[in-house]
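A.B. asks: Take this structure first; my questions come after.
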Amino acid sequence: MELFANLAHGFVVAFSPINLLMCLIGALVGTLVGVLPGIGTIATVAMLLPITFGLPPVGALIMLAGIYYGAQYGGSTTSILVNIPGEATSVVTAIDGHQMAKQGRAGPALAIAAIGSFFAGCVATVLIAVLGAPLTKLALAFGPAEYFSLMVLGLIFAVVLAKGSVLKAIAMIVFGLLLSMVGSDIETGASRMAFNIPELADGLGFATVAMGVFGFAEIIRNLDAGAEMNRDLVQQKITGLMPTRKDLVDSTPPILRGTVLGSILGILPGGGAVIASFAAYTLEKKLAKNPSRFGRGAIEGVAAPESANNAAAQTSFIPLLTLGIPPNAVMALMVGAMTIHGIVPGPQVMQKQPDLVWGMIASMWIGNLMLIIINLPLVGIWVRLLRVPYRLMFPSIVIFCAIGIYSVNNAPVDVILAGVFGLVGYWLIKHDFEPAPLLLGMVLGPLMEENLRRALLISRGDWSVFLTRPLSAVLLAIAAGLLVLTVLPVLRAKRDEVFTESEN
Amino acid sequence: MADTMGHSATATRNTSVALGFCLLAIAPQIFEFIWSIGTIFGWGVGRGPATVVISHATALLVGAPGALFGALGGDTKKASSDVMLALIYSYPLFAVAIVTVFMTIRSAQDYVGGVILMALALFALWASSDLQGMRGFSFGAGTAPRMFGGLLVALSAGIALTGLLAEGAALAHYSWRGPMFVMASILFFALAIRPLGLVVSAFVSFLIAALGSHETRWLEAAIVGACLTLGCALLFPYVLGLPMPMFPRFLIQ
Amino acid sequence: MKMPAAWPAFLFVSQGIEMTSIRALAGACVAAFASLCAFVAPSAAQTYPTRSITMIVPFAAGGPTDVVARIVTAHMAQTLGQSIIIENVVGAGGTTATTRAARAANDGYTLITGHMGTHAASVPLYPKLAYHPEKDFEPIALLAGTPILILARKDFPPKDLKEFVAYVKANAEKVNAAHAGVGSVSHVSCELLHSILDIKPVGVPFNGTGPAMNALVAGQVDYMCDQIVNAVPQINAGTIKAYAIATPERNPSLPNVPTTAEAGLPAFQAQAWNAMFAPKGTSPAIVASLNAAAVKALDDEKVRKRLLELGSVIPTAAERMPEALAALVKSEIAKWSPVLKPAT
């Protein structure tokens, strides 16, 4: 019953007017940051750190946390409306979400994303409060070998989610892996494929490549002669704003499954949230009676990853709150914010700073409530945005993307690189290559390589560690099984194709 | 037999594709040459145009064959970067270009896509060729890039092969107007944001991008562009607190 | 005329946020006003500083260097009567930002808070470094030192530093040392330790201090050297153990951890120091006024308290002088050069 006393204490802290205000501001800024293409959470939290200087520490952290999970809500908006994922976690949402928008169903897609996020956020918050401490063990059980196997599994997810040729999807993943290797080598510090360009020394940014292959490429494609007709069609087609009864029924199981997957994977430091969204999508595609709907506007393809990424965003606080170790760059900034306030988080932060920890947990629930109240009415406004003539919309998107990318590192070279990746993306579209596996390869590549090398360093070059460590072996087995399940039907289809070829 | 069937019908087409691949095979060299022209005017750093032309020409015509035969003869002398580029990148693509002439392309979309992807992979192989390989049991900096570069060469060869074996889509049409003006707009923004500030660069970039569509109406675009610029000028520096130059530098100082 | 329907949404969202940014807004207004003044009356008598100063921090916001820079510059801004805007420029172990600072105008309006990595260890690590810490910078003041600890997983067999040295030497083939990436403080300082012990154990790189600490707490690696800030709470909670602190004196935040001299390894002395620099050629008068402001900040009770809370060591009056900092940079480059081999 200590839990209830703690939670009650947390709500008392979180309901103080100043903390409520901070929570609201965090939720609003987070939504805004998520919606603006290019502006990442890390950049914003970094920029807002100095402002938190003058605030009480609990309020400051409630606000920063709000920005973090608020951005997960907002991140889906641009994915759905203009096919630009603002965060790595909303890449998958773009696949079916944007298709729904093209069919005039942007409203239901946005609404279901918000509802799924809300549900997942609430469940995950309870999970942090109840199981935070025991779940910490999971984060510690994951060594380099386990991470490598998890990354392999993540890349297999990317193959599964491709709609077209499996060969092309694998090629795109490997291309993404190659792109991720640009920059300094983590072990030796050697500069790899950077051609002495200082801005490449730390590799290609996710925002740069994502804005390019999704954002700019989509714009260039839409400017192609003959594309106007489709666009006008979209503008006339817009139907209801809210999901229908059938949409809700269809989305309920994916939201539940996404929440569970996201909550578990979110605890793992590093790529947890990204893998969670991909895993949730893959799971839905595999469970669906008719997988061919995926990639063509299936509402499950929006509901599941959006629930998963928001659940993961919440549970990723667990290592921070129980161990005092930041699991990702945004959390590292939050540790910085605590340090500036003279609180150095550690394993005892729960006992020493009950106000902070329980206040933050309680505020997450309040923040999620605020976010759904903010986001549902916004759906109408976002959908109206689609009615803006494309001749005015596309230059605006170009400018927003350019400013967003520039603001990440204050580097003009990044903007040029995004433009180059726009052309690459245009080329990908013309040759029927899918950009989503490329981005996943790019996000997971460094984690995979680092952990592979780390595992081999620790095992002194013995590759069998990946099979002798039980957790790692299980993950690899799932990956192998999934690959077989994906490739088999393709091979069978190829055989059928050979027989039916004469009909074409 | 399939190779020769229908050869005459696709001959012109194949030749132009093969010529395209030849151009692709020396694209990095051409890029360095264009880049090097800038050094005459003191922009950027690098070798002068004359040096670039001479060293690449010798590498392509003399150095690479020499290194190739040297390697066959067991000579392991380290080749220069230009020679490596010719060996790893240009020669395989020339080979592909020659093969292309004699092939029936069933799906140009897959075949050309696969070959261009292969070019990217070969380029990555060259770019990582000077990095350290395995050091005992631990990976060197170059191990993973070369591993995945090699894998991508194999995969893209597979895609190109499907383009030869299975019927599929033809080459899609590329338009030039959209890509050109959108790229110009992005480039202008990147070059202007530091010296000219957000207000000027955002507004001008908006108008350049608007050139990319023939539907653009100028008065409307200018008004929306101005409003957008104003919005950005308030949103980014003030609301989000991102430090960004606002006005041209010469006006401030 | 069709206006984009985006505007109402945009205004709606922005209204709520402006409140948080009042400080930023105020700062920006001050900056804008100052720059306007400078534009209107360029001939007016100029007493430095007449507009806001940009302080480049070569690491992410919230990191140890950033925190030190923010605490000190906040006080300096009051003394100088102008705001100091911190710009975090990350990349390549801080050398990207340092290169930019070296090339900035030497008018005193662009400064950098560098550290042991950017202004000493980078010289041997990066042979193609685009700047030289001694030739391209005017030292202003040493701000703070952060002691370095030798840490190990909690069930690592050795009980004290003497046993640790014997164990690591005997098992140099088996032990794993974690570090936070090439050029990081933890990497550089452990290289020093290894060169003193004359061993070459396997170094397992992590992407930052957080993941490295996670691996140490989880027992996946054996030991690492790290700055005191990150380690104190873990040591107090017993999730890791500390063998020694590499400073001449014990630290008040860890009174039970012996110094390396006490524990029998006096040769291992390392501190991650943070210091303020201006581009070469900045006028001596400007350097003097910045130094005076920094010295005043380091004498302030509140500033001292916050720095001490971080486990930092505040430099003595003599150490804060530009000449002392120049000497420190020189001696540090000499110290690290033989220890670190270049990253190819």
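Glycine too: its Cβ is placed from the backbone N, Cα and C atoms.
Feature list, courtesy of TrEMBL:
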TRANSMEM  A:12-36  transmembrane segment
DOMAIN    A:20-440  domain 'DUF112'
TRANSMEM  A:42-69  transmembrane segment
TRANSMEM  A:109-132  transmembrane segment
TRANSMEM  A:138-159  transmembrane segment
TRANSMEM  A:166-183  transmembrane segment
TRANSMEM  A:203-220  transmembrane segment
TRANSMEM  A:255-281  transmembrane segment
TRANSMEM  A:325-344  transmembrane segment
TRANSMEM  A:356-382  transmembrane segment
TRANSMEM  A:413-429  transmembrane segment
TRANSMEM  A:471-491  transmembrane segment
A.B. asks: Find the member of A:42-69, A:109-132, A:413-429, A:471-491 that has more C-beta pairs under 8 Å to the transmembrane segment (A:325-344) than any other listed stretch.
C.D. replies: A:42-69
A.B. asks: So are the transmembrane segment (A:109-132) and the transmembrane segment (A:471-491) touching or not, going by 3+ C-beta pairs under 8 A with a sequence gap of 6 or more?
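C.D. replies: These two segments do not touch.
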A.B. asks: Is the number of Cβ-Cβ pairs under 8 Å between the transmembrane segment (A:471-491) and the transmembrane segment (A:255-281) three or more, considering only pairs separated by 6 or more positions?
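C.D. replies: Not in contact, no.
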A.B. asks: Mean pLDDT across the domain 'DUF112' (A:20-440), rounded to an integer, is what?
C.D. replies: 83
A.B. asks: Between the stretches A:42-69, A:138-159, A:203-220, A:255-281, A:413-429, which one has more Cβ pairs under 8 Å with the transmembrane segment (A:356-382) than any other?
C.D. replies: A:42-69
A.B. asks: Looking only at residues six or more beyond either end of the transmembrane segment (A:42-69), which have a C-beta under 8 A from one in the stretch?
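C.D. replies: Distal contacts: 13-14, 18-19, 21-27, 29-30, 33, 121, 310, 313-314, 317, 329-330, 333-334, 336-338, 340-343, 355-356, 359-360, 363-364, 367-368, 371, 407-408.
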A.B. asks: For the transmembrane segment (A:203-220), name the stretch out of A:138-159, A:255-281, A:413-429 with the most CB-CB pairs under 8 Å.
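C.D. replies: Result: A:413-429.
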A.B. asks: Sort out the residues at least 6 away from either end of the transmembrane segment (A:413-429), same chain, that have Cβ-Cβ distances under 8 Å to it, and list them.
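C.D. replies: Contacts with the transmembrane segment (A:413-429): 172, 197, 199-200, 204-205, 207-209, 211-221, 401-402, 405-406, 435, 438.
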A.B. asks: List, by number or range, the same-chain residues at least 6 past the transmembrane segment (A:255-281) whose CB is under 8 A from its CB atoms?
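C.D. replies: For the transmembrane segment (A:255-281), the nonlocal Cβ contacts are 88-93, 95, 115-116, 119-120, 123-124, 127, 135-136, 138-139, 142, 147, 150-151, 153-154, 157-158, 161, 287, 294, 301, 303-316, 318-319, 325, 327-328, 440, 443-444, 447.
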